[in-house]
Amino acid sequence: MKAVVLAVAVLFLTGSQARHFWQQDEPPQSSWDRVKDFATVYVDAVKDTGRDYVSQFETSALGKQLNLNLLENWDTLGSSVGRLQEQLGPVTQEFWDNLEKDTDWLRQEMNKDLEDVKTKVQPYLDQFQSKWQEEVARYRQKVEPLGAELREGARQKLQELQEKLAPVGEDLRDRMRQHVDTLRTKLAPYSDKMRDRLAERLAQLKDSATLAEYHTKATEHLKTFSEKAKPALEDLRQGVMPMLESFRVRLMSMIDEASKKLSAQ
């Protein structure tokens with residue numbers, strides 16, 4: 001189970017590099033940058049959405065009657081959450097940095113495997129692209145005379161043109177399917193080979209001392225994280241409790257007033 005967890009982490013760490021390797025797009029972000037970007041977007045969305053709901057409730061009849069000053073409390077809560085993120089951020093970043101360092105050898109081996117597979121597969125991809133371009137050119141040659149015929153003829157020939165185009169399109173579709181099937185057949189052994197190499201790397205990882213070291217470091221990290229999180233969480237709790245207590249007091253007051261009115265009737 002530990003090997004699976006670490007393997008998933010390694011694949012996550014190497015994921016952007018592999019994508020950049022195949023697509024040759026912009027340089028990949030680090031894993032920690034991706035985590036921070038995702039977390040920032042998610043937390044900001046939650047805070048903005050939550051503040052909208054709080055604002056809507058506070059402007060409602062019930063909200064005005066309760067007079068809870070929810071927006072002010074919400075902003076205070078947001079500040080507490082921000083401080084919590086600032087305090088815990090360095091601890092989490094240190095964990096990711098250590099994980100990347102500890103698994104660097106495995107990522108390098110995986111990148112070598114990808115490079116090897118890409119080198120062997122590239123000729124088949126080039127051949128497929130060439131076949132595709134040939135089929136498109138062949139299709140264009142067949143269609144161009146029909147287009148000229150349509151321009152020269154009247155509208156009544158449109159149906160005839162469609163009938164002539166149908167078999168040409170079907171022929172192109174069938175030929176392209178054959179090329180795709182051929183490519184899939186040629187690439188299958190390399191897919192199996194890559195899967196076997198991954199299994200071999202994971203087996204090496206399982207038998208190495210890195211896994212035990214990682215488990216120890218992860219345990220130490222969680223302990224440190226817990227110790228540093230306690231004061232931040234207490235600060236967060238102190239920010240939330242006044243809001244909850246104010247809500248409870250005002251709600252109980254409303255219930256008492258409603259009970260008195262019912263008793264007086």
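Note that Cβ sites are derived from N, Cα and C of the backbone, with glycine treated the same way.
These figures come from a predicted structure and were not determined experimentally.
The signal peptide feature in Swiss-Prot is assigned to 1-18.
Residues annotated as methionine sulfoxide in Swiss-Prot: M110 (among others).
Annotation comment: Swiss-Prot describes 112-122 as repeat '3'.
According to Swiss-Prot, the repeat '4' annotation covers 123-144. Outside the repeat '4' (123-144) by six or more residues, the chain places 165, 168-169, 172, 175-176, 179-180, 182-183, 186-187 with a CB less than 8 A from a CB of the stretch.
Secondary structure by DSSP for the repeat '6' (167-188): 22 helix, 0 strand, 0 coil. Feature annotation from Swiss-Prot assigns repeat '6' to 167-188.
In the predicted structure, the repeat '7' (189-208) carries a mean pLDDT of 76. Residues or ranges marked as repeat '7' in Swiss-Prot: 189-208.
Annotation comment: Swiss-Prot describes M194 (among others) as methionine sulfoxide, evidence class similarity to another entry. Using a 10 Å Cβ-Cβ cutoff, M194 (methionine sulfoxide) registers 16 neighbours. Following the DSSP three-state reduction, the secondary structure of M194 (methionine sulfoxide) is helix.
The annotation repeat '8' is assigned in Swiss-Prot to 209-230.
If you draw a 10 Å sphere around the CB of M241 (methionine sulfoxide), it holds 10 other CB atoms from the protein chains shown. Under DSSP, M241 (methionine sulfoxide) is assigned to a helix (H, G or I) in the three-state scheme. The methionine sulfoxide annotation in Swiss-Prot covers M241 (among others), and the record cites similarity to another entry as its basis.
Positions annotated as repeat '10' by Swiss-Prot: 242-265.
What Swiss-Prot lists as methionine sulfoxide is M243 (among others), and the listing cites similarity to another entry.
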